[in-house]
Each structure stands twice: as C-alpha cells, then as structure tokens.
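Presented below is the structure to which this report refers.
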C-alpha cells in the first residue's frame, strides 16, 4: 500500500547510511592517505605521509581515540542519505525512460542511466562532501560549524564546490560501470548473490576511476587560488609518480567494496520485495 517510489527512495537512503557507518574508519584513513596528511602535524602526519596503512590506522587510535575513526561521519551520513536515495532512485527512473520500443534496455542506455544518476546525486550533495573531507583531514575543524567557518573564510560559498568539475567527470564513468555491471551480473550469479554482485561491480569501477578521485581530493584542499585537473594531476605525478594516483586505494577498496555490496544488496532486496508484493496484490485481485 506504500507508493513504490517512496519505498525505493527510503531503501536507497537506509542502504547508504548502513554501509557508510560500518566502513567509516577505513574511509577516514583513505582520505588522510589520499591527501597525504596535508593539514596534519606530529606523529599522525608522519605516519600518514609514510603511506603505511596499518601505521596510519593505529596512530589515529592513539592520537584521537576510538571516536577519531568516525570523525567526519556525521556530514558523511547527512550526505549519503540523500545521495544514495537520489542516485538509486534516479537510476531506476532513467532506465524506464531509456528503454527501447521493444521494452529492452541496451548496454549504452544502461551505462547512460548509471552515469546520469551519479551526476544528479553529486550535484545535490556536493557541499556536504567537501565539508566531510575538511572535517576528516583538518585537525582545526573539530565540528561541523568549525569546518563550515574555515571553508567560508577560504572562499565563501564557492569553497564548498571546489573540485566539482573533476568530480562530475569521474562520477559518470564510475557509476555507469558500477550500476550497469551490477545489473548485468544478475543473469550470471545465483539469486541471493546481490552482495557479491555489488562487491564485484564496485571493484571494476573503483580500479578504473580511482585516480580521478585522488585528483579531486587534492583540488578540494586548495585554500587559495584555483587548481585545474591537469595541474593537480601533474603535481601528484611529479611528487609520487603513478603510484601517487592510487594512494589510499587499499583502505578505499577495503571499505568501499563491502559498503557497495551492502548498499546494492539492500536496494536489490527492496526491489524484490516490491515485485513480490505487487504479484501478491495482483493475485488477490484476480481471486476476488
């Protein structure tokens, strides 16, 4: 009796919130490694700049305690609820819109639907992503209000949208691959394997698109002036070579792959429940 769009939207929101909270500690480590601890001093900064995943992870616990692993998770949850709900719901709507006259969805149309869904969700929630990054990597930003104040001093409202260009360029192929591969694997994996499908689809998308995310994070941290994608990429390559583009990839994969598995499996379960309830309703009507 609940409208289908409401169920899909709510399922996307809940799936995103659960997945992000479970994997938040690895996300914090990933962000610190990805930005090379630019704003972090002392033992934590030294551990991060060494590039050692486990050393950085342990240092956060020693320096900031257990709560340090979830620093920045509040804006992340505030962002991921509308992001995940908008993204997954938009994907379902766009798939219906892009079906051919025969009712089938071609591969290019499926990729287009996934990429556009990612862009829509990013545009809606991007300021929260910038706020989350600053809170996660800047020791001076101890609260949402403090992080907002720092960003506003650096560039007014424009500071919240640093890196939007490379973000949109990166999110289109990433979400196109992730969502399309997830759907395409449904015919090749057993029913109930939604977590495995989500895990594999996220691995493919993350491996291909991670360098664009690293470039975006570098741009987001610029406090003065504007850095282009090419300038940021050149800086990373000059400093660390190609491996620099994949700094933080291991913690990102460790947190992102199960996160996406949980999120997509939860959403897929909601869709199956909707289909089952619709079938039961039609059967009940037919028997009356």
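Glycine residues also receive a Cβ, built from the backbone N, Cα and C atoms like all the rest.
Note that TrEMBL annotation is computational and uncurated.
Across the repeat 'Solcar' (3-97), DSSP helix (H, G, I), strand (E, B) and coil residues number 80 helix, 0 strand, 15 coil. Taken from TrEMBL, the feature repeat 'Solcar' covers 3-97 (among others).
Over the repeat 'Solcar' (105-188), the average per-residue pLDDT in this prediction is 84. As annotated by TrEMBL, repeat 'Solcar' applies to 105-188 (among others).
Among the features that TrEMBL reports, repeat 'Solcar' is placed at 193-273 (among others).
Each residue in the repeat 'Solcar' (105-188) gets a DSSP state, and the totals come to 73 helix, 0 strand, 11 coil.
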